[in-house]
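Engineer: Could you have a look at this structure, given as structure tokens, before my questions?
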Amino acid sequence: MSADDNTRAFDEGIVTDFSSRMSYGSYLALDELLALQRPVSEPEHHDELLFIIQHQTSELWLKLLLHELRSARASLQADDIGTALKRIARVKHIQETLTQQWSVLATLTPTEYSEFRGFLANSSGFQSHQYRAVEFILGNKNERMLSVFDSDPAARAVLASLLAEPSLYDEFLRYLARLGFGVPDSVLSRDVTKAYVMHPELVPVFREIYESATENWRVYEACEELVDLEDNFQFWRFRHLRTVQRTIGMKSGTGGSSGAGFLERALSLTFFPELFAVRTEIGT
Ligand code: HEM
Ligand SMILES: N[C@@H](CC(=O)c1ccccc1NC=O)C(=O)O
């Protein structure tokens, strides 16, 4: 039991026979998971594995993000703000992880990327249905995006459903209306298949909430959580843009867009416009 040889002795109870027991690898389907990194470059480029894993891990986190956002939305629908806040707290941590992980990809130099970029053909993150689903559930709807998924009916169907459903913010505003806040009808009866746009007549509702934070603590807290969530989303977009600029400069994208300019325009989009507009009104 001594550590003189700098090895750790096995505790007596440690299980080693997995011939008829569930193991770590079988529970997590690791054989399948670890067989899914399949570089396409020929000869295989050393850095393509980084590129694939960066994307696959992002997609896994996006899967969880969407799961949590759907649950947050359902909780608001059921007037359960406590659970919704719990879900959003987790969403914010996932976003932070997604944003931080850009630093790994930033070690890919423009020369290295150019050596296998041609093998990517027209594939692009623009075709990520999970990313688009997150944008849709947050209210950045765009029916035109569906056409990208015409050859993937399952993904297209999920996006078409999300397009027709109220967003997280739509549900939050309906919840506020049920609590008795004067959310205007123009907001409650909006066409939820369209991108959410600013309703100036909603700003006074938030002003009331912010000016009476102690009496409306939960909804005030929820407002601030949504502001954090939008900030975090923009931080991810910004890191993506900066990574693109340092990797491909002003080249157009493999997905057919102008590249950096196209991504830069996403930085002027907003999910919760009135929650930012109210800041101008506070204290005046
Ligand atoms: C060297 C790394 C990367 C480069 C050069 C790059 C480049 C681009 C470009 C140029 C676009 C615009 C669409 C196009 O024409 O292709 C785009 C879109 C996109 N990329 Fe990347 N990307 C990189 C890494 C990533 C990673 C790691 C992710 C993580 C999932 C990602 C996700 C996306 C998404 C979701 C879009 C759509 C954004 C939108 O619609 O606003 N990209 N990327
Ligand atoms: N759009 C990128 C290619 C790219 O980054 C990419 C290619 C395949 C799968 C995901 C990608 N990531 C983000 O767009 C480019 O133009 O270089």
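Using N, Cα and C of the backbone, Cβ positions are placed for all residues, glycine too.
The substrate binding site annotation in TrEMBL covers Phe51, Ile52, Ile53, Gln54, His55, Tyr113, Arg117, Thr254. Positions annotated as heme binding site by TrEMBL: His240.
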Engineer: Considering only the binding-site residues Phe51, Ile52, Gln54, His55, His240, Thr254, which possess a Cβ situated under 6 angstroms from at least one atom of ligand 2?
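Structural biologist: List returned for ligand 2: His55, Thr254.
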Engineer: Looking only at C-alpha atoms, tell me how far the residue listed as 'heme binding site' is from His55 (substrate binding site), rounded to the nearest Å.
Structural biologist: 12
Engineer: With every protein chain in view, how many other Cβ atoms are within 10 Å of the Cβ of His240 (heme binding site)?
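Structural biologist: Result for His240 (heme binding site): 18 other Cβ atoms within 10 Å.
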Engineer: Could you tell me the maximum Cα-Cα distance in Å between the residues recorded as binding substrate, namely Phe51, Ile52, Ile53, Gln54, His55, Tyr113, Arg117, Thr254, rounded to a whole number?
Structural biologist: 19
Engineer: Going by DSSP, is Thr254 (substrate binding site) part of a helix, a strand, or coil?
Structural biologist: coil
Engineer: Please check each of the binding-site residues Ile52, Gln54, His55 and report the ones with a CB atom less than 6 Å from an atom of ligand 1, ordered along the sequence.
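Structural biologist: Gln54, His55, by Cβ distance under 6 Å.
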Engineer: If I restrict to non-local contacts, at least six residues apart, and a C-beta distance under 8 angstroms, what lies near Tyr113 (substrate binding site) in its own chain?
Structural biologist: Asp47, Phe51, Thr247, Ile248
Engineer: Per 10 Å Cβ neighbour count, which of the binding-site residues Ile52, Thr254 ranks highest?
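Structural biologist: By the 10 Å Cβ neighbour count, Thr254 comes out on top.
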